[in-house]
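Everything on this sheet refers to the single structure shown next.
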Amino acid sequence: MEQVYVTRVELLGFERRVTPIRHYVYRLMVKWSDLSEKLIYRTYPEIHTFHKSLKEMFPIEAGQIEKRDRIIPSLPAPRWVENDKSRESKKSTVSEYCQALIQLPPHISRCSLLCLLFRVRPEDENPTAPSTYTIDKKKHKISGPIVLDTYRVIADFTKTSKHEINLHTGDLVEIVEKSPNGWWFCQFESKHGWIPASYLEPLDTPEEEEEADPNYEGELHVVTRSYKAEQDDEISLETGETIEVIHKLLDGWWVVRKGEETGHFPSMFLQIAGKKAAFERTNPHGTKLPPRRSTIRNAKSIHSRSKQGLTQDAYRRNSRRYLQQKSSRLPESRRPRSSTKSPLRERANIENIPESGSETEQKKAAPVIPPRPTRELILERCTDKTRKRVSLHSAPTASVS
C-alpha cells in the first residue's frame, strides 16, 4: 500500500486557550494524498521544535555543512507577539513555512517526521473551547509567531505611574512586548502595564534564551544622556560620547566599552551612532531607569540555581584580549604608533645593539677602529711621564766593548 503523505496545508487562524496555561494554537487544515482533509491544532513552539528536528535529520539540506545547499525554509524562534516595530526583518509566516515544506523534495516532504507533525491526534478531535478566535479571511495566514511567553514575578512590584502595573511574588504574567531598555509590557488577568524585566524570570530555567553572547567587536553608540555610576561594575559617561556596546542584556543595563574600560550603562541613554535625532529618543513610560536585579530586595526564585552572569573583571579581561588580538592582526602601517619604545627595543639600546633590521646595515653602522698614533704624535701630545716611557722603550741598546 502506498504511503499517505501531505499535499497541502492551509492556515485558517488561531485560537487562544486558557488551560493548562494561557497559550495560542494555530488552526491548520491538512490535505492528504488519499484526498482526506483533517483539522488539527498546533502551537508555535511545537512547530519550531519540529523545525529543529528536521534540520538535524537533514543537515545538508539545512545548510549546516554548506550554506549554499540549504533548501529547508527558515523559521524564527518563538519569542513574543510580533508588532509593527518587530517586522523590520522579513520572517517566514507559519503559512509560508508549511507551504514551503510541502514543496520540498519527496525524501523530505514525505518523511515520517513531517507526517507525524500533521497527523490527527485525540486532542485535535476533541479540542478545548477557545476563549478567542481570530482569522484573516483575505490572506488566510497570520504574520509571525503569535505566542505569549509566560514569566513569574520574583518580588512584589508597586507601580509608580499609570503606565505600570502592580504585581506580587509568584504571579504569572504574559509578556506582550520586550523593550530593549529593560521595561516589558505584560498582561496579568485583565490588566496590562509595564514592569522591569529584572522582576521576572522564565518558568523553565533561570537562563534567558534571547540573551546573546558578548560581542567584543562592539557596536558604536552615542550617549544621549549623561549618567554617573552608582555601583562598582557601572561606568560614568557624558552626553555626546561615542562608546562600543559589547553585551545587550535584557534588563536594560548594557555592558559598554570606552577605550579599555568597560561597565554597565542604561540602554535608554544610548542611541546607535549615525542615526538621526539621536538626542530626541523618548520612552513609553518616561525616563525612569529600570532597577538592576542586584537592587531587588526579598527576591524569591523557583530555581535552585540562579542565573550566573559574567563579572565585570571577566568583561574587562576578555575585552582586552580581543583588542590585543585585533591589534596583532593589523598591518604594520595601520598599527597605532606609541611614543614609548617596546621592551625589546629598550633592551637593544642597553646592549648598544643597532636597531637596524639587516646585517648589512648593522655592519655599516659599526664604528671604525682608529689607527695607532705615531711616536712623534705621542711625544708631542702626551704627558712627561708617558714621553719618558716612550723614550726608554725606543732608546738604542748600548754595545759592550
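Backbone N, Cα and C atoms are what each Cβ position is placed from, and that goes for glycine too.
According to TrEMBL:
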type	residues	note
COMPBIAS	290-306	compositional bias 'Basic residues'
COMPBIAS	373-385	compositional bias 'Basic and acidic residues'
DOMAIN	4-125	domain 'PX'
DOMAIN	146-205	domain 'SH3'
DOMAIN	216-275	domain 'SH3'
REGION	281-401	region 'Disordered'
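Among residues of the same chain six or more beyond the compositional bias 'Basic residues' (290-306), those with a C-beta under 8 A of the stretch's C-beta atoms are 152, 154-156, 169-170, 181-183, 196-199, 201, 203, 205-206, 231, 251-253, 264, 266.
Residues in the domain 'PX' (4-125) partition by DSSP class (helix H, G, I; strand E, B; coil) as 44 helix, 28 strand, 50 coil. Here the compositional bias 'Basic and acidic residues' (373-385) is broken down by DSSP into helix, strand and coil counts: 9 helix, 0 strand, 4 coil.
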